[in-house]
Amino acid sequence: MMFFGYFYIGTIFLLVLSGSNTFPIVKFITQPIELTPCELCNLVLPIAKTLIARNESLLMEELGIVICQQLHLADDAVCAGMINEYNYVLIEVLRFSPLSTYEICGVAFGCLPQADIPALRWNVTLPPSSQSAPSLAALSADDLPSQYILSVLHLADLHIDIEYKPGSNADCGRPLCCRDGLPKPGETGAGFWGDYRTCDLPQWTAESMLKYIAQNEEQIDFIYFTGDIAPHDVWQQTQDKDLNEIFFTTQLLTETFPNKKIYPCVGNHESAPPDLFPTTNATSWLYSTLANQWIDQFGLEEQTRDTILKGGYYTTTIVSKLRLISLNMNYCTENNYWLFINSTDPLGQLQWMIEWLQYAEEHLEKVHIIGHHPPRMCMVSFSWAYYSIVNRYQSTITGQFFAHTHFDEFMLFYNETNATQPISIAYITPSFTTYPNVNPGYRVYAIDIENSVSVLDHRTTILNLTATNLYNKTVWTEEYSAKSAYDMIDLSPQEWNKFVLQLENDIDGETMGLVYQYFMKSATTGAACDRMCRKKLINCNLKTARAQDATFCSEIS
C-alpha cells in the first residue's frame, strides 16, 4: 500500500512534466525502467512537493486515476477508490513532514535505517528498577487446581466479508476477491465456506465458528479480541461502512458470548482509510463509537472511556492481581503516514503505559498487554522503546498478546545487555480469516491466576477449510497444544529459548517442519519451508521482537 501511494504520486508528476500530450509519456513509463523504488521515489518527490505548494492537488488526483488505469496498477474501481482515499493524507504528509525527500523514501521503502534519521530518533524515560516485585517461576498447569487456572479465548483478525459470494472469482487481481465475477477458465470458483486465495471469511462461516467455540469451549473465563473487523476491501472503506461493520461484529460477539467479558484493542482496518490514525481529534468518529461499544456491550468499566476517546487505548483490572493494558499499536507503524509528520511517542501512549506499569509494580499487580501490531512491526524508536519497557518491567509483565500477521507465531525478548538471556515472550495469535492462504483458527490460553499470572499452556483449534468445502460441513481439528507438541516443561521465556536453540541445532528436522506447519495453521506442511525459510523464521521472527534489529536477523535478511 505504501509503494502504491508513492508510485501513484511519482507517475502523476512525470505526466505533468510531459505536458498535455499524455499518451506518449504513459506509454514510455510502462516500459522497463532500471530504477529501484527508492530511486524512483527520490526522483519524483521533489516535483510532488512543488506541485503541492502550487495547490495542484485536484489535478494530482485526477491524473493519478488516469495513470493508475493506464499502467494497469489495478482495475478502474480500485484505482479510483485508493487514490480518492489516500490522496489527501499523502499531500498533507508531504506538505508538513520535517523529513527530507531522501528520508521519506528511505522509510517508505526500507532503504535507509530509521536510526540514521534524526527526526525519528526518540526514547522514553524509565523509573529506576524496584526490588519489590521479584520474578516468579513458571508453573505447570498440572501443578495447579482448576480453580486457579483462567481459560482465555483469543480472537484475532476476523475480517468478516458480508459480500462474499460462493462460486465467484477468487483470483480477481484486486486486494480482495470472492465477491463477484466468474472464475477464469480452468480455475474453480470461491468455495462455499471460504477460500485460501485472496478472500476473507464468509459471514456464515464466521457465525458457525463462533457458535462452535461457544458450544465447545465451556470453560472460557473472558476473551481477548485483538482487532481487525473490516474485510480487505481497502479501496472502498468509508467511515459509515467501517462503523456498520463494527456494530455488526460487536453484536455478533456479544450475542454469541452473552455472559463473557470481552477485552478489545484497535486493529488497523478499523479506520477509514485503513492504517491512518492521526494524532488529532480527526479520529473521534471512531473512538466515540468504540468507547460506547466497548463499555456498553463488551463490559469495560466507565473509567476506561477517557483514554479510549483520546486514542483507543485503556487499562483495567481483570481479576485481583491481574491488570490489562490495551495498546493502540496503530500509532507505531510506518503504514500510518501521519507519523511521518511527528512519530515521537504519539499521544504519549508509551509514557502512559510506563506510569501504569510502575503503579502495577508498586501494588504487586501482574500485567497482560494486548495490541494489534506486534512491536517488531513498529517504527524503530517505538519498537526499541517498547523493548526497553519490557526489559525494565519484566517481572511485572507476564503476558503479551498480539495479532495482525494472520500467522501463528511467538517472539522472544532478551536482556538488552545480554542477548543470550530471555526475559519475556509475546504470542501472535492466528487469524479467524483465511487471508492469505491459511486455515481459520482461534486460540485458548491457560493462565495461572494463583502465582505468576503467566501462560501455562496454549491450545490452537483450526477449521480444516479443504475438508469443510469438500464435505459441505465444518470440520474442526484440535491442531496442537504448545506444551505437548513441543515437549516443554512450561511456557516460560527460558523454556521457549531452549526450544528455539533446539530448532537451530536441528534445522532440517521434523520439529522445525512442525513449527512451520503450525505457523501456516496447517494449510501446508513443513516441507514447503526450505532451509533458508526455516532460518528466517527462527532468527527474524521467533528471536526478534525489535524493528530493524540485526542481533539475530542480519545475516539472514
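Easy rule for this one: first residue shown is 1, then count along the chain.
A Cβ is built for glycine as well, from the same backbone N, Cα and C atoms used for every other residue.
Residues or ranges marked as domain 'Saposin B-type' by TrEMBL: 34-115. What TrEMBL records for C41-C105, C68-C79, C172-C177, C178-C199, C332-C378, C529-C533 is disulfide bond. The annotation Zn(2+) 1 binding site is assigned in TrEMBL to D157, H159, D228, H406. Taken from TrEMBL, the feature Zn(2+) 2 binding site covers D228, N268, H372, H404.
Features as recorded by TrEMBL, highlighted on the structure.
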| residue | record | contacts (Cβ under 8 Å, 6+ apart) |
| --- | --- | --- |
| H159 | Zn(2+) 1 binding site | D200, L201, D228, I229, A230, P231, H232, H269, S431, F432, T433, Y435 |
| C177 | disulfide bond | S168, N169, A170, D171, A190, R197, T198, C199 |
| N268 | Zn(2+) 2 binding site | G227, D228, P274, D275, N330, T333, N335, N336, H372, H373, H404 |
| C332 | disulfide bond | L339, P346, H373, P375, M377, C378, M379, F382, S383, Y386 |
| C529 | disulfide bond | G513, Y516, L537 |
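Excluding the listed site residues D157, H159, D228, H406, the same chain places A156, L158, G267, H269, A403, H404, S431, F432, T433, Y435 with Cβ atoms within 8 Å of the centre of the Zn(2+) 1 site Cβ atoms.
The binding-site residues H372, H404, H406 differ in how many other CB atoms lie within 10 Å of their CB, and the one with the most is H372.
Distance between Cα atoms for C68 (disulfide bond) and C105 (disulfide bond): 20 Å, as a whole number. Compared over the binding-site residues D157, D228, the count of CB atoms lying within 10 A of a residue's CB peaks at D228. The shortest Cα-Cα distance between C533 (disulfide bond) and any of the recorded positions C105, D157, C172 is the one to D157. Neighbours of C178 (disulfide bond) among the recorded positions C79, C105, C172, H406, defined as a Cα within 10 Å of its Cα, are C172. For the domain 'Saposin B-type' (34-115), residue counts in helix, strand and coil come to 63 helix, 0 strand, 19 coil, using DSSP. Of all the disulfide-bonded residues listed (C41, C68, C79, C172, C533), C533 has the fewest other CB atoms within 10 A of its CB. Closest by Cα distance to C41 (disulfide bond), from the recorded positions C79, D157, C172, H406, is C79. The record gives D228, N268, H372, H404 for Zn(2+) 2. Within 8 Å of the mean position of their Cβ atoms, the other Cβ atoms in that chain belong to D157, T226, G227, V266, G267, H269, M329, N330, H373, A403.
Comparing H406 (Zn(2+) 1 binding site) with C172 (disulfide bond), their Cα atoms are 21 Å apart once rounded.
A separation of roughly 25 Å, to the nearest angstrom, links the Cα atoms of D157 (Zn(2+) 1 binding site) and C79 (disulfide bond).
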